[in-house]
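K.L.:
Let me give you the structure first, and then I'll get to my questions.
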Amino acid sequence: MTDEQMKTASRGDASYMIKSVTLQSARLTNPTITRQYTMKEKARNLISGVIHYLLIFGQKISKNFEKIHKSGLPSFVKNGDFIQLPVDLWFGLHKLLTLIKNVMVVAIQTGLRRLSNFGHGWRKIDDIKRVFLFPSKKAVYISENWKDNAFFGSQFLNGCNPGMIQKCTEIPEKFSIPEITKKYSNIKELIKNGEIYMVDYGLLDNVKEGIIDDHEQFLAAPVVLLQEMEQGLMPIAIQLKQKPGEENPIFTPKDKPEAWLLAKIWVRNSDFYIHELVSHLLKTHLLAEIFFFSIFTCLHDHHPILRIFAVTGRYTIPINVIARSTLINDTGFFMKYTGFGKDAQWEVLQRAVKQLTYKSLCLPDNLTSRGVQKLKNYHYRDDAMQIWDAISEFLRKVVDTYYNDDSDIKKDKELQNFLYYTHSYGLKIKDFPETVDTKAEAVKYLSMVMFTCSAQHAAVNHGQYDTYAWMPNGPTTMRQPPPRNADEVDEDYIINTLPDLDTTLQGMSVARFLSQATEDFVSAYLFAGTEPFPVIP
């Protein structure tokens, strides 16, 4: 960097400084090496562009984002159809063709299942295997082990919703203390020794229930206690509603086997709702949308942060646009095939936003606050921390390359506007930073964004079909209310509670479609010793 450029930077024009830094002065051949397309892919991209402009020909489409804000939720792009988005955010031809292919494959598979079971329901749980025609290896494993207590507990650690579990430091007030101490006289000692963990689905309490085919559906809001044992993380108590009472019993493994099984199925049903709406939709998709909305709005094309995150965030906004028009709208999947009543999905999302914090999105802080640092066999934690550390190291080198010291961070008006815009117009969350004053703070914030939009999304997205293909492991709705006592539950009671065949097929179809990765997926490779930071292909 020349003396004149340094003087300019010191005057506060950080954007000019970034534009002026040459590749040679940064000691790089190319700071963000873009993917090299083959001739076939170039042809596809050309055809994609032609299709795009044919589809939108004659329409007056703004190249700027137009945000809307639903009370209590992150802002999102107003456009109702992805073809109305700016061309550089539109699906490429390869992505579009893959989506169409996936829709067709899932539709054919669902049709075959429906045809082979025409006129039939299920009389026993094993009958559900009749629609289990195209399972993954993991789905088969789940269908064989879903009743096992150790496997049930393991899903809180390494399933597709691994961020719910937390250490229990005292008997939850939501439990009847006399009843739980009667069932486990040593429960206080177990808690004191750090052996007890809990999962709480309080976000579902008193949520409006829906109707499917003129049949009322039902919801629960369970609280689960689990004990760390030699066999693994074992469930020891399940209460299906939030307030203790005579009609809200605590189920344990000592109860009638069918009653204990049904209690676990209710938990899996509740986990499905929180996983899809909160862990998946809100904490990855909707957050990613406001992050990239702000990035593309506040940073110019050559800003290093935009150049990096353009790869991470591609397809985020068009995917969200489609989801809002097919899954969570008033006539979408959640209204037709789950236990949610009208607008219940928005109620749950709004409650979740109120609980959202900046620290909860920063993985190290999140793990500490939940007290799970020493929890055994928590492979999600171990793998996620390695990825978090790699992302942080990568971004530290990026920041060190483009910013000499903390004062440069403060002077980069575009970066500061990005944070301010994200907080003020997208996420009005109390502890969300409106500004960063140091390079370390910038690295942490950007690490949170990149981790949320890549690794965390993969963790909660890619295993959906494996988890939900076997319907009893994650039913999308329940057709009878939670049982009031263990003695009334038998297999017929369970069958009459589980979703019917058509709802089961719809749930399998959605899980299958959402969890399929497209062929143009681009991985980020981190190379040890790369100078000054790794390559993004």
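Glycine residues also receive a Cβ, built from the backbone N, Cα and C atoms like all the rest.
Under the heading domain 'Lipoxygenase', TrEMBL lists 44-537. Look at TrEMBL and you will find HIS280, HIS285, HIS457 tagged as Fe cation binding site.
Burial and contacts for the listed features, if you can.
P.N.:
The number of other CB atoms found within 10 A of the CB of HIS280 (Fe cation binding site), across every protein chain shown, is 21.
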K.L.:
Same-chain residues six or more away whose CB lies under 8 A from the CB of HIS457 (Fe cation binding site)?
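P.N.:
Listed in sequence order, they are HIS280, THR284, HIS285, ALA288.
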K.L.:
Using the recorded Fe cation site (HIS280, HIS285, HIS457) as reference, state which further residues of the same chain have their Cβ within 8 Å of the centre of those residues' Cβ atoms, listed in sequence order.
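P.N.:
Neighbours found: SER279, LEU281, LYS283, THR284, ALA288, GLN456, VAL460, ASN461.
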